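Input: a single structure, listed below in structure tokens.
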Number of protein chains: 2
Amino acid sequence: MHEGAPADPIIGELSEGEVLARIAARTGRAAATQVGPGDDAAVIGTPSGTVVATTDTLVHGPDFRLAWSSGYDLGWKAAAVNLADVAAMGARPTALLVALAMPNDTRISFVEALADGLREACEALAPGCAVVGGDLTVSPTLTLAVTALGDLEGRTAVLRSGAQPGDVVAVAGELGVAARGLAVLFDRFRAADGAPVPVDGALLAPGDHASLGGQLRPSPPIGLGPMAAVAGAHAMMDVSDGLGLDARRMADASKVTIDLDPSALGDDPVLAIEGGEDHALLATFAGDALPPGFRVIGRVVERGEAPVLVDGRPYAGPGGWDPYRDWDSVSG
Amino acid sequence: MHEGAPADPIIGELSEGEVLARIAARTGRAAATQVGPGDDAAVIGTPSGTVVATTDTLVHGPDFRLAWSSGYDLGWKAAAVNLADVAAMGARPTALLVALAMPNDTRISFVEALADGLREACEALAPGCAVVGGDLTVSPTLTLAVTALGDLEGRTAVLRSGAQPGDVVAVAGELGVAARGLAVLFDRFRAADGAPVPVDGALLAPGDHASLGGQLRPSPPIGLGPMAAVAGAHAMMDVSDGLGLDARRMADASKVTIDLDPSALGDDPVLAIEGGEDHALLATFAGDALPPGFRVIGRVVERGEAPVLVDGRPYAGPGGWDPYRDWDSVSG
């Protein structure tokens, strides 16, 4: 950098190679890496003879607001939601590929924080997993498309279609916390015109910190996915769009009915059923096989008229409503 | 669809499930698929114990113009550029994951054509490979982030760092054709204000069709990547940013100098050296090992002051200039 250059340049002032080097210094190294970043592609060990692969995207506007999410938050969340999809197959995450499209005026410090968030989410949630490759593009819309790979370690993948009548329905991880955090943001941290404004800690009640953390930096129980598979889970998926909607998806795929017990869903069962983005693991087990970390929230019965029951009554509530998507502004 | 519904709805009028169903009907099935689309993740067989993985993104504005590229073109190109990265490791492509972010007013016919382009590029360039999973998101900017997986079939990956003095430098595929196609678009199919306008066939000379095809629907020699690896290629990469720039990357990674022979680069050696986006395969071989499909374009010598020579003289020309990126409009 020449004398007088800004300490925190925008990416439009740097070459692609310089931006890549700043990111590569922060992404760590995946344990299964045979060839890492810098060639045409990465090479990852898959000793068990299969690879699990999934992709999920965060788009500025529909999926996050820069007034509320830091670069670190975004990196963390993009990793976490993809790791959860791998874990929900019963697999151990091994590697991430990150396609990052961003405006030319993005600060390099933002990109570095994003790389830190990706790395630290992997370290915390899926040790051994790290970014092994990616792509940088200029775009008017900040977009983070992450692909996660995983290893079944010789196990059979646990699908959402395997639930059987007589199974217990169990969950590992939070339900409703991320939605509560989103409500805090929408209710308290918007200007009169609806635009998001940064979070003011003075306006937070003690419990709000955990709720915001659940929304901005979710920590799904990734390690429990493989444990559920080892314990013989019949079906599993991650709860991304709300328990009510995702239980319906599992029930439809398995041709069963899932009967949820609201007394097992905490202080606010409606929020637990309707709130999305926690990425808890929803699984069904033969009654005697529940692994540590999972709690029973219902049971699987023969397919009836309704795919999902709550306390025995058909569930027809909203599922999967996404306030970001239904909000017409994309700024902030 | 209810009576009177539009025959070609925008995706904002359809549910995510409906859009996914329209895509899934068109993506085919990868030969290595163990679990396909519809669960949290796909499962792909990797019998040789490794997987090759790469990701590359096309963004509306910097990477393509909708006045020039159809949905089919975009699907084809997004597949082709990723398949080329897998092939450049010496691997056979097995699966694609597609993260598609698009405006709510995108026509479903456009999405279907994009899915057709993805499938037909795989069928034509990498039989057995297909889309195994993906993600749909709403975005103000049409963005197509593709991850490709591949199988080395027991071979060692061919890196860009393996070139050795004494090797011949060889290429398979076109050089300069895509750049010529881009020049046709920029020179002849823009309005007075610079905005792109649709291609008028009456303004095309006979050779222009091939040039436009090379730019909009490139057909890199994917199958020759594994063949080069079998033949013992020392180094290989795909030429995405222009031969001059990519040869420099190979030379730097291998700590050698690459001496290109302009008389082997066709009618327009400058275009062949400077033009990007053909995704030809650039490789080096011991002199007696050149496989079919590759032609010699130079040789590897001990590292000198310049990483790349052209006819023995240091090459310092532009490499990797991207007219889309340097163009300030993002419309059209």
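Backbone N, Cα and C atoms are what each Cβ position is placed from, and that goes for glycine too.
Positions annotated as domain 'PurM-like N-terminal' by TrEMBL: B:38-150. What TrEMBL records for B:Asp40, B:Asp85, B:Asp238 is Mg(2+) 3 binding site. According to TrEMBL, the feature Mg(2+) 4 binding site maps to B:Asp40, B:Thr54, B:Asp85. Summarising the annotation, TrEMBL assigns Mg(2+) 1 binding site to B:Thr55, B:Asp56, B:Asp135. Positions annotated as Mg(2+) 2 binding site by TrEMBL: B:Asp56, B:Asp85. What TrEMBL records for B:Asp63, B:Glu277, B:Trp321 is substrate binding site. The ATP binding site annotation in TrEMBL covers B:Gly134, B:Asp135, B:Arg160, B:Ser240. As annotated by TrEMBL, Mg(2+) 5 binding site applies to B:Asp241.
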Residue pair the residue listed as 'Mg(2+) 5 binding site', B:Asp85 (Mg(2+) 3 binding site) - Cα distance, angstrom, rounded: 13
Secondary structure tally of the domain 'PurM-like N-terminal' (B:38-150) (DSSP, helix then strand then coil): 35 helix, 46 strand, 32 coil
Inter-residue Cα distance where the pair is B:Asp238 (Mg(2+) 3 binding site) and B:Arg160 (ATP binding site), in Å: 9
Separation of alpha carbons, B:Asp85 (Mg(2+) 3 binding site) and B:Asp56 (Mg(2+) 1 binding site) (Å): 9
Within reach of chain A, those binding-site residues of B:Asp85, B:Asp135, B:Glu277, CB-CB under 8 Å: B:Asp85, B:Asp135
Where B:Asp238 (Mg(2+) 3 binding site) sits in the secondary structure, as DSSP reduces it to three classes: strand
Minimum Cα separation from B:Asp85 (Mg(2+) 3 binding site), reported as the residue among binding-site residues B:Thr54, B:Asp63, B:Asp135, B:Ser240, B:Glu277 that achieves it: B:Thr54
Proximal but sequence-remote residues of the same chain as B:Gly134 (ATP binding site) (Cβ under 8 Å, at least 6 apart): B:Ile23, B:Pro37, B:Leu97, B:Val98, B:Ala99, B:Leu100
Candidate binding-site residues B:Asp40, B:Thr55, B:Asp135, B:Asp238, B:Ser240, pick with smallest Cα gap to B:Asp63 (substrate binding site): B:Ser240
Between B:Asp238 (Mg(2+) 3 binding site) and B:Thr54 (Mg(2+) 4 binding site): CA-CA distance (Å): 12
